[in-house]
Protein chains: 2
Amino acid sequence: MNPDIIKERQNATFDVEKLTYVLDGGLEKTKRRREIESMVFSDPDFEEEDPNFLSRSERYDQAVRKSAQMILKLREYGIADPEEIYCYKTCVNPDRPGPLDLHLAMFLPTLLNQATQEQMDRFFMPTWNLEIIGTYAQTEMGHGTHLRGLETTATYDPATQEFVLNSPTISSIKWWPGGLGKTSNHAIVLAQLYTQGNCHGLHAFIVPIRDMSTHVPLPGIVVGDIGPKFGFNEVDNGFLKLENVRIPRENMLMKYAKVEPDGTYVKPPSAKLTYGTMVFIRSLIVGESARALSKSCTIAIRYSSVRHQSEIRPGEPEPQILDYQTQQYKLFPLLATAYAFSFVGQYMKETYHRISGDINDGDFSELPELHALSAGLKAFTTWTTNSGIEVCRMSCGGHGYSRSSALPDIYVEFTPTCTYEGENTVMMLQTARHLVKSYRQAKAGQQLSGIVSYLNEAKQHRVQPQPVAARPTVVDINDLASLVEVYKQRAAILVELAAKSIQQEIQNRKSQEDAWNNSSIDLVRASDAHCHYVVVKLFTDKLGEIGDIAIHSVLSTLALLYALHGITTNSGDFLQAGLLNVPQVHQVSVRIKELLSQLRPNAVALVDAFDHHDKKLNSVLGRYDGNVYEHMFEWARRSPLNATEVHESFHKYLKPLRSKL
Amino acid sequence: MNPDIIKERQNATFDVEKLTYVLDGGLEKTKRRREIESMVFSDPDFEEEDPNFLSRSERYDQAVRKSAQMILKLREYGIADPEEIYCYKTCVNPDRPGPLDLHLAMFLPTLLNQATQEQMDRFFMPTWNLEIIGTYAQTEMGHGTHLRGLETTATYDPATQEFVLNSPTISSIKWWPGGLGKTSNHAIVLAQLYTQGNCHGLHAFIVPIRDMSTHVPLPGIVVGDIGPKFGFNEVDNGFLKLENVRIPRENMLMKYAKVEPDGTYVKPPSAKLTYGTMVFIRSLIVGESARALSKSCTIAIRYSSVRHQSEIRPGEPEPQILDYQTQQYKLFPLLATAYAFSFVGQYMKETYHRISGDINDGDFSELPELHALSAGLKAFTTWTTNSGIEVCRMSCGGHGYSRSSALPDIYVEFTPTCTYEGENTVMMLQTARHLVKSYRQAKAGQQLSGIVSYLNEAKQHRVQPQPVAARPTVVDINDLASLVEVYKQRAAILVELAAKSIQQEIQNRKSQEDAWNNSSIDLVRASDAHCHYVVVKLFTDKLGEIGDIAIHSVLSTLALLYALHGITTNSGDFLQAGLLNVPQVHQVSVRIKELLSQLRPNAVALVDAFDHHDKKLNSVLGRYDGNVYEHMFEWARRSPLNATEVHESFHKYLKPLRSKL
């Protein structure tokens, strides 16, 4: 164990283990998580070569091998709880997505939700036993978020009682679905349904794409891998071009909408039914943000405690780089953010489960708010995490660029969350739509409930920005409740400003739609402020649940740092709205420096509490024992370019060059 | 040609070709650049497989082949001007660093600058003819920016008249030098010189590391590749462990400092001599920022003009995504930034050449200012560009994650500029040191000249933040000269605040050094504001040189957008300092929206003017002809995972799995 890191741990003022329980949601959960981790990490069947040393094809091969093993073991051990499966999976391919992910997370659940009993009888067991390996093919080369724009067609032919599927244009080729390129032999294809001469919009069809026995693509199917990406090397994201592919009528998923044998279309009873899954996945992504950011902070903070560099006082030994104020200012607000997002992730999971119950009972009343909240928080947390990972990486100096640090991998595996499951700007605008609607309801005298209820108070605010002096200031920058209040007021004012901007545009004879587009910068800003408020509020609320005094104290410091740091980085908003005055903003900067010093002795303990197993971090910089350099050397020597002493290019190009010059 | 992009070009209000001349520095320069580009791009010897389809070893191999070809061709064509060589090189491995870069850019120049005549006679011709291939080995595993911390030793043994080189610890292993792992047979090694029992600090030694004929590492040399990185796949960044390696006394570079045969150490005459190269490279990096950002903007803006998505008005066709205000707000400020940095890059190059002349005449007076400026602007431009590339990438939706977009590659090849040649935070603090020193000189009544002369006016400012009302506001947000003035005042105030913070700390009985560290957040902020001011000023100055009315008009719009966007993103600073009042900040937001609409018709023409050749962009999304989808499909089909219809992993793992479940 590195002596620096031992000393860091001795300096902690709280019980790390107890904080881990808080993060996991209780002692029992921590215990079970560790059990599962040890199942995987002690299992020789899951040993792997560092993927960074492999070619793309080898990486895919290794991932298929491990995923197949995983399916076997999960059955063997009888692990069936979705959360436990998820935990197991993230250890098998440590936090890398795998080739069977869409089979498990999209194909199977869609079948369960949308198949008729007859379809279940035909498809479920083969799918469960991986004879059918499926994916979910929605996005097309030219079409993403906007579902109505999708071009793939499924035209019903009553003569043969078949659907004929086609990709009518290049832009209609299915593009991006995970596992589509090489792994799957079936796909649930989203296509515009045509029958009796009418288009009935998007519906889902089960389409066999490869021969079940030989795995060769079926006639009319052009399928393949979409090529290398920024990360996701283990996944064969694929393309699918359909050329007059015929499938039986019974392969349309018909639990809700139907096409009868004669071609008559029968409408689904409600459109809200598929809404829930989307909300669920976005809520999960909030938790993913917390995990990616906490891993990055773990690596950067542990490394900063063992790395010595430059000098603060001349003549003295090089200090730990964690002692530089600039380094603390990079990392500690991100550490606070990782904690904030962990608690927001817990909240989203709980809320989803609570509301799911209501939905199953036919009560959809809370769904719009959860939908808006999950959209905005997905965008807010992934954007923050995305840039935060890179701050962590660059805070490690040169070694942050080495794949051995794991930080490049964390970044490339995480960054797609900003785009998939709803592009972030689109997500922010969805939340804004809910906020503006709620604002108008409040203005019309309706009493709002839930998290947007603060918009009820909007009337009290003056719309126009006003000089600081006009607003009496009662904010206490050391009091979290008071800070929650300013964040709330900032959100309320920015929602109002966005709504007024739309109104102004309409007064300038713009259509509703153009007015919306011309106000979208303000709308995104309002959503961002709303989400920021929610995060500060949920972090503060969480403190109320913490009984342990030492843990309560350190978490309060983090929460305060989170809130104050958000104020300095958005100080214009708070000043413009007259919520804080100039001396207060200055005090906030001073206070932040104090908080950095206050957190310094607990920094390593705070990342230890995330309890990321060394095998899961897979980072020489972030090792628990702090023995960085010897392992970096050992890792480098195993690198494939060192397999031979002399690279063949010397004999092929460099030596012959001499005689030519 | 895609009809959307044709229409975009028809809408332009200015002559694209003429703006290209402005960016290149004149018609002649544009002509010569295009000649060189066409030499490379029409040369079959430089054809390559897309590196994204190759393994690391194959990428390295291809790069060595092309680099060797390049050396031959440069000699053949007699291209010797450094700028032309640079231009040629960036076409050979389009904007990717190569394995011979350090030989050409560090080993050879260091020899020229620091070798004695005798050493030139021995080493120059073999180096010129690539019998000697060299690198420059400075950083160690445990030591980066802080040169005094380097641990490698060179101990003089007068008995044999040799130096004995050693890596005494693991952390002292040379780590990161490009071309060290596999390519080089010599290294200039920076080591602590010991002679007659004393350490004389860092000196440079020419160390043979591989046999000139077999390329096998020499005795006592442990050398290899440091393993895969985030980008830089073509470069064999290496490690070097020295175990009692003996080199003749004459292999120490002795143009300045010397060790005599008996071991007597002779001091160098001046320390400033190596200063210049560092400044030169940092100045170049400013230009690199402009190039990387302009490439990213080219890709994102062209793609946004052919991509249609979602709807603004229901029922109408999907609009070009460039019509969304949020998309414009992401991309146009970055476009303005790319222009700003291009002009700053020009300025830095000119200033460097001007001051170089003075230095050669023994006049070092302007060097400290240029040193401070190049450090800060290197950090300022690379940080902005680093995050800007990612904004561009993510503005392309899912396809921005495909390697075919080129954006992932631009990012990973660019991001190291934030760390190498001086870590950015360290750079900002170096600039801050110059600013604080200048501030104190001004306060002491000295009259400052040059770019920091605004600190002369510091006395007029009130230090304490003050309410808005107290400062009479005369700022015209539509007048660039007026905006340069506010940026200047912001910088002056933040420098003063940082200086006062140090003073405050010292009053609290902190040492000078601790006071500096405890003020470093403020110091970085002051440097940032200083650089921001310089960029706004240089962009504005550049407008004075533009004769063409149409070009002057569009560049003025860009400059205004750049300045106003900087105000909104830092509005807290301007409000806090009382430089702008609340209604003005609100007006700035409104004005920005107008500027976005104003730039919309010229957006594609403005990126066309950067004149990035399709072969250099190497992006299916950024193609000049806008024919994105067909080329994306064609690219994907060439991807190695599609070489076979069925991947072997199906037979190895997936099919056997069925029988086990």
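Cβ atoms here come from the backbone N, Cα and C positions, even for glycine.
TrEMBL has this to say about the protein:
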- A:E421: active site, proton acceptor (ACT_SITE)
- A:T139, A:G178: FAD binding site (BINDING)
- A:15-133: domain 'Acyl-coenzyme A oxidase N-terminal' (DOMAIN)
- A:275-436: domain 'Acyl-CoA oxidase C-alpha1' (DOMAIN)
- A:479-657: domain 'Acyl-CoA oxidase C-terminal' (DOMAIN)
Pairwise CA distance, A:T139 (FAD binding site) versus A:E421 (active site, proton acceptor), rounded so that it is a whole Å: 11
Cβ neighbour count (within 10 Å, all chains shown) around A:G178 (FAD binding site): 25
Inter-residue Cα distance where the pair is A:G178 (FAD binding site) and A:E421 (active site, proton acceptor), in Å: 13
Residues of the domain 'Acyl-coenzyme A oxidase N-terminal' (A:15-133) by DSSP state, where helix covers H, G and I: 89 helix, 0 strand, 30 coil
Packing count at the residue listed as 'active site, proton acceptor' (other Cβ atoms within 10 Å of its Cβ): 19
Average pLDDT across the domain 'Acyl-CoA oxidase C-terminal' (A:479-657), rounded to a whole number: 97
Helix, strand or coil at A:G178 (FAD binding site) [DSSP, three-state]: coil
Other CB atoms, at most 10 A from the CB of A:T139 (FAD binding site): 20
